Amino acid sequence: MPDKVETTLMLIAAGEFSMGILGNVFIGLVNWMGWIKNRKTTSIDLILTSLAVSRICLLCIILLDCFILVLYPDVYTAGKQMRIIDFFWTLTNHLSVWFATCLSIFYFLKIANFYHPLFLWMKWRIDSVIPRILLGCLALSVFISLVVTENFNDDFRCCVKTKKKANVTVRCRVNKAQYASIKICLNLLTLLPFSASLISFLLLILSLWRHNRQMKLSATGCRDFNIEAHVGAMKAVISFLLLFIAYCLAFLVATSSYFMPETELAVIIGELIALIYPSSHSFILILGSNKLRQASLTVLQKVKYILNRRNF
């Protein structure tokens, strides 16, 4: 791949990484400062902080893998080193997905209006079990990561950099039978949290439709905060679903490209698309939360004030 194209793609990756780190660190800092100030934290803050930390780690792993492929492709020939990277990628990937699913289910239980006994029981119990659910997600992700990386042989993925005239090319090979089974397993494992988020979204739509019908019958004409809460939760959930679909497709592009003779460009493009998911969703969550939105406006006002003082 030409050096100019390589440099451009790496700069784009660094930019996406920086934006993602900025958004997720902001979420973590705001919630941490709130915990320090009040000596307690809410369930939603705990979920958002856990999600932000997992995505910071995921962003670091994706960018590290991208830089290794371009700058140090010989590292791919070392089975032990690649096992470590693959372990942390699998761990942070599953943690991010499961924590986002917990957020979707939390929104559904807190905002939706149903009168089924099971729903009411879950709505009543959700705040007390959130810490245990998050720990369970962590334990499950660690277990999946250990199982997946244990099944990697040292020759699972091997990349060699060759030079032809002015162009440098990375050629990769994989153990196809082993690779196919692991890839299918990873994709099937993400179907469960994705399905849970999708069901939460559909039930939120149903709850909103029923609430709208009741409001039309009563015809109060007052501002309905319940509808606003429904719409805000649905925006957060649908954005996660759409971005996660794009992330999975990018992951398939990056991993399937190892079957091709020349793979560096396809892998980097796939990872650039994959970086959009943990980077952009954090800003959607900030805009959808009154607490985080107000904190961001305060920060922007202070930055604007500092810049204006320097100009004078």
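Glycine too: its Cβ is placed from the backbone N, Cα and C atoms.
Copied from TrEMBL, the annotated features are:
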| type | residues | note |
| --- | --- | --- |
| TRANSMEM | 12-34 | transmembrane segment |
| DOMAIN | 23-285 | domain 'G-protein coupled receptors family 1 profile' |
| TRANSMEM | 46-72 | transmembrane segment |
| TRANSMEM | 87-109 | transmembrane segment |
| TRANSMEM | 129-148 | transmembrane segment |
| TRANSMEM | 188-209 | transmembrane segment |
| TRANSMEM | 236-259 | transmembrane segment |
| TRANSMEM | 265-287 | transmembrane segment |
Report yes or no: does the transmembrane segment (12-34) come within contact of the transmembrane segment (129-148), defined as 3 or more CB pairs under 8 Å with a sequence separation of 6 or more? no
With the cut-off at Cβ under 8 Å and a gap of six or more residues from its ends, the chain residues touching the transmembrane segment (46-72) are 6, 10, 13-14, 17, 20-21, 24-25, 27-28, 31-32, 85, 88-89, 92-93, 95-96, 99-100, 102-103, 106, 130-131, 134, 159, 170, 264, 267-268, 271-272, 274-275, 278-279, 281-282, 285, 289, 292
Same-chain residues near the transmembrane segment (87-109), Cβ under 8 Å, at least 6 residues beyond its ends: 43-44, 47-48, 50-51, 54-55, 57-58, 61-62, 65, 119, 122-123, 126, 130, 133-134, 137-138, 140-142, 144-146, 148-149, 186, 189-190, 193-194, 196-197, 200-201, 203-204, 233, 236-237, 240, 244, 278, 281
Limited to the domain 'G-protein coupled receptors family 1 profile' (23-285), I'd like the whole-number average of pLDDT. 76
